[in-house]
Amino acid sequence: YGAPGVEFTGLHKDTTAVTQIHFLPGQGRLLSLLDDNTIHLWELVVGPHREVGGAKKEGGVCLKQVDNYSLPGRPGIESCSATRVTVLLLLKSCDLLCIGTEGGGVYFLELPHLMLKENQTLLQDQVTQSLPDDYRCGKSLGPVESLQEHPQQPGKILIGYSRGLVVLWDLSAHHADQLFLGKQQLESLVWERSGSLFVSSHNDGGYAVWPVTSGNTYTHQPVSSTIPYGPFPCKAINKILWRTSQRGSPVLLYSGGMPRASYGDRHCLTIQQDKEHVTLDFTSRVIDFFTIHNIELDKEFDDPAALVVLLEEELVVIDLQTPGWPTLPTPYLAPLHSSAITCSCHISNVPPKLWERLINTGKAQRSRLRTHMSWPICGGKNLAPPPKQQELLLTGHEDGTVRFWDASGVALTPLYKLGTANVFHTDCDEPHDSSNDHDIQQEEEEWPPFRKVGCFDPYSDDPRLGIQKISLCKYSNKLVVAGTAGQVIVLAFNDEPSDHSVDVSVVDLLQDREGFTWKGHDRLEPRLKPAPFPPGFQPQVLVQCLPPASVTAVALHTEWNLIAFGTSHGFGLFDYHRRNTVLARCTLHPNDSLAMEGPLSRVKSLKKSLRQSFRRIRKSRVSGKKRTITTPTSKVHEANAALAEQEEVAPVQRRIEPRSADDSLSGVVRCLCFADTFLRDGWFVYQFCSP
C-alpha cells in the first residue's frame, strides 16, 4: 500500500503464513519470511507492453517473486529447530541480511542473491566463551529476540538473547565490542539516534536504558530501569521504540506492559513524552507498529510525525505532531465489519450532486478529529483514470450505524457514517447528575490513562439498534432504514446541522388479535424533545411496529411519499408526508407464520387477512370516500374499498405444506416492492415472497 489507490498484491506458491516483511529501500524490492522458515525476495516490475486502440501502452506494475531461500539443509546448519528464524535485520547498505534463530545462532545472507556467508556465521558457543563465569552458569542464552544495527557506525549490530544478554557485535572484526549482562527475559531492543544508548524491554512489564561506552567490555547494570505500570505484576512489553524530538524529551512508545490482574486482557500501546502519557486502548490485538520520522543521517533528531499501528482487525495511524495525538482517517484498510454487518445496499451511477454532498459531509465529519495532517503513507502515484460513474456501498451495522463507502475504485474508501442511536433513549444512556461530576473527573484521571482508539468495535450497546434493511432513493435524497426492534426511520439529506424533533407513529400489526403476548425485547423509546443532528441524512419520521419484531422488508416510493414495511407478523403501508397516516396494514395469522407458533400446517389463504385489513380501512374512512379530490392518497382509498367490496368472492385457496423446524422464516414478509402496473392508473404491487 502507498498513496490512496496505489496497491500491489503478491501471492506465495505455498499457502503458508507470512510472519515478517522487510523493504529494501530504493530498490523496489522486499523480503518476506514464511512460517515454513523460507525467505522470499520480491520485486516491483513493469508488465509487458499491450496494445490499446492500435497503440502500444506500457504494462502495469506488479509484484513478482524473483528468488527464495531456506535455511535448513544448507551447509553449516545444525537442525531445523535450531535454525528456525525468529528475527530478520536488513542492514542499511541493503547488501546483507542478518538472521537470528531459535537456537541462538546468527546467520548472514548476501543480497540480492540470497547466498549464505558461512564465514560470518555467529554461533551461540562463540558468544558464551566471552562471558564471565558467574554469568555463564551453564545456561543457554536462548533464542535471538532482537537484532538492531548501530545508527552511526555501520557494520555493528546489537544482538539480544532471550535470557537477557545483549551483545554489541562488530561484523568486520568478528568480535564482541561490549556485553550487557541483563538478567531479565528480553523482548525487544531499540537504539537511541546518536548510538550512545539503547533501550531494552522485558517480560516483567519493564524497560531499561543501557549506556554504550568504549573501553568497557562488560556492563552489569542499566542506567535506569522502570516498570511504568507496576508495582504489581505486569505483562511483557513486546516492542519498544525511542524517538528523539527537538520539542522536548524523547517520545517513548511501547506495546503491552499492562497490570496483569486488572488489565491483562487489554490490547494497549503507550505513548509518553514529558508529562504527556496516553494509553491507546484497542479492541483487537496489536500485531506491529512503527513511526514515520526523519531517517536522514545529517538530522539531529528523529522528530516522529506519525505512528502506524497494525492491529488484527484494522490499521490505525496517530498524528504525533498535533497536541493530543489524534487519529487520522484511513483512506484504505478500514474494517468493513467495524460493527457486525447486518445488511447492505449497492447504489450505482450516483448523481454528481448527491455524490458531492456526501463527500463534503464526510470531510466535515473527519474535520472533528482535530488533525490537519495529510495521509503520511504516500508512496507511488495513482495512474488509474477516474471512474466513469460513481458507485456507493451502504452497510448497515449492529450498533445502529449506516456507513457509506466509495465502491468506484480499487479499494473501498469510507465516505460518511450515519448513526441512528440518537433518535432513541438506549440502554447506554445515563441521566446527567451534577453531583457526580467529581466522580466523573476521578474516572477520567484513572490510571492507566486509557483512550479508546480505532473504529473496530464488535460489541453493541443495545442490540435493538441493529439495522436490518436499507432503501435509498438517489434522486430525491431520501433514505429509509429499518431495524431489529421494529423501527422504520425516514431520513432526508440536509447540508446544515439541525435541532428538531422526530415525528413518531406507532403501527400495531396485531390490533385485531386477542390473547397474544409478545415475549421478545421492548421497543426502543424515542426521544420526544428536539435533538441536535449533524449535517447529512437527518431523521424526519419514525414508525414503530408493534410487536417490535425485526423488520424483514422495506420499500420506498418518494413520488407518493409512501413507505411499506414488513415483519414476521404482517406488513404496513404508511404515508410519511401526512403524519400518522397508516394507509393499510395486514396481519399474518399465527398459524401462517413460524415466527408465532410452529410450522405451517393448515390449509389457509392470506387473502382473508388482507380482506379484513381493507375492510377496516373502508369502515374507518367513510368520510374520505366521499371526497372526489384526485390525489394519490384518494386513489389508495378507492382501491382499498374496491378490494374490500369483493369479499363475497370465494378466495382461491392452496395447500401450504408443513416446513421443517429449521426453516424459521418461512412465513415472514420477505419482500415489498412498489411497481407500475400499466393499468388505468399507476398503482403499487405488494407481494409475500416465501420459499
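Including glycine, each Cβ sits where the backbone N, Cα and C put it.
What TrEMBL says about a protein is an automatic prediction, not a curated fact.
Feature annotation from TrEMBL assigns domain 'Lethal giant larvae homologue 2' to 226-326. What TrEMBL records for 11-44, 392-406 is repeat 'WD'.
Secondary structure counts, DSSP: the repeat 'WD' (11-44) has 0 helix, 20 strand, 14 coil. The predicted model assigns the repeat 'WD' (11-44) a mean pLDDT of 92. Applying DSSP to the domain 'Lethal giant larvae homologue 2' (226-326) sorts its residues as follows: 4 helix, 53 strand, 44 coil. Assigned with DSSP, the residues of the repeat 'WD' (392-406) fall into helix, strand and coil as follows: 0 helix, 12 strand, 3 coil.
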